[in-house]
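Participant: Pasting a structure here, questions to come.
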Amino acid sequence: MVRKVNIIKGNEGQGKRIKFVQLIFVDINGMPKGMEVPITRLEEAIEEGIAFDGSSVPGFQGIEDSDLVFKADPSTYVEVPWDNVARVYGYIYKDGKPYEADPRGVLRRTLERLEKLGIKVYIGPEPEFYLFKKNGSWELEIPDVGGYFDILTLDKAKDIKREIAEYMPYFGLTPEVLHHEVGKAQHEIDFRHDEALKTADNIVSFKYIVKAVAEMHGLYATFMPKPIYGMPGNGMHLHISLWKDGENIFKGEEGLSETALYFIGGLLKHAKALAAVTNPTVNSYKRLVPGYEAPVYISWGYKNRSALIRVPAFWGNGARIEYRCPDPSANSYLAFAAILMAGLDGIKHKIEPFAYVEENVYEMDEKRREEIGIDMLPENLGEALDELERDKVVKEALGGAYRNFVGYKRKEWEEYLDYLEAKNLPKDTKNVTEWELERYFFI
């Protein structure tokens, strides 16, 4: 079976002796969890599954009923180039059936629903991250003072980015663009779009690679949405297109198709509820403030980076939409499922997109925004969860994970409010607290 898996992934003959394989899934937060087993158990992991206790996995089962089974997906098998270990993603089962709260399973079921309509989904993410020096405290130290697109001496992390890019193909990712971002020590490596499930896997793999390479160089990498007050946050813009019979159905004769516009309409309608899933942490809303190119206003436009939804200047089979509010703290499987069902609702009910803008939304006064019908995203996680609980479409998109997700996030929000009260801090503070750093720095 190991040889068969190697042939599937094109890894046969690398001369490495793989002794262990990591069985990887994600918890309700999108954090990778799993276990290592001897490589001799890989066939068992694929055919029968490996049992584990789900009671200590955030957002999974209670201690009274916690027996779960991991079944490996052999198409995801890769060998870690810097270690004699392999990795494989998979699905969670309970009592012989797919576990309803398994985030990867939630996305698979969403995609199966779209496949019945003949639709395939392609998504290209743009996850941003910071690199920090290790100093044993939360006084974050930056290793470079580069700025946006700086490529010469100011960007001291260029060798690290190149090393990350060199490792990415081993995990099935194709790097396309490496560049310094706006913030000091902030970076972005874009990789090629792929089918939605593969892209969700790729995001988990990308974070793993970035953190591992940073560690090799004595640095920390963080995908935390807003690690430092006053500096740009980490976003994860998503480029989305739908395909049918080998054709991009977002492609119109002049710009976007009617289908694409209805998809945008669905996203705009459900944007407030979606925020709970695409921006699922307390810290996410420290990023979503005016002045840092992070979208705050629910609007759309062509080439307009101040809008929530931007239509890039690519036509034909390159036609797509860019959803700009997500950040890397999102569980990519749940976020993709929610976004796709919101967009599908727009297509199904022919929801016309509203709040079209050509000007900079941040420079508009309140009266002008009201004239156009521009609303705002939630201002904090608590508000976002309120919106989610009122939105039937997004709730149903999360399937069996919904109750666990909301319960976990409500508790998270309440713990944050308790911290603010104990520290005598205002509820609406935009400062990044030590509570957030301790909770989110390693996401």
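Each residue, glycine too, has its Cβ placed from N, Cα and C.
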Participant: From the candidates HIS193, HIS237, give the one listed by Swiss-Prot for the same Mg(2+) 1 site as GLU126, GLU322.
Facilitator: HIS237
Participant: Could you tell me the mean pLDDT the prediction assigns to the domain 'GS catalytic' (103-443)?
Facilitator: 92
Participant: What are the sequence-distant neighbours of ILE240 (ATP binding site), meaning same chain, six or more residues apart, C-beta distance under 8 angstroms?
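Facilitator: Once residues fewer than 6 apart are set aside, ILE240 (ATP binding site) is near VAL121, TYR122, ILE123, PHE263, ARG320, ILE321, GLU322, TYR323, ILE339, GLY343.
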Participant: Within 10 Å of the Cβ of GLU293 (L-glutamate binding site), how many other Cβ atoms can be counted across all chains shown?
Facilitator: 13
Participant: Sort the binding-site residues GLU126, GLU188, ARG287, GLU293 by C-alpha distance from HIS239 (ATP binding site) and give me just the closest.
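Facilitator: That would be GLU126, the closest of GLU126, GLU188, ARG287, GLU293 to HIS239 (ATP binding site).
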Participant: So among GLU126, GLU128, GLU181, all listed as binding-site residues, which is physically nearest to ARG310 (ATP binding site)? Use the C-alpha atoms.
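Facilitator: For ARG310 (ATP binding site), the closest Cα among GLU126, GLU128, GLU181 is found at GLU126.
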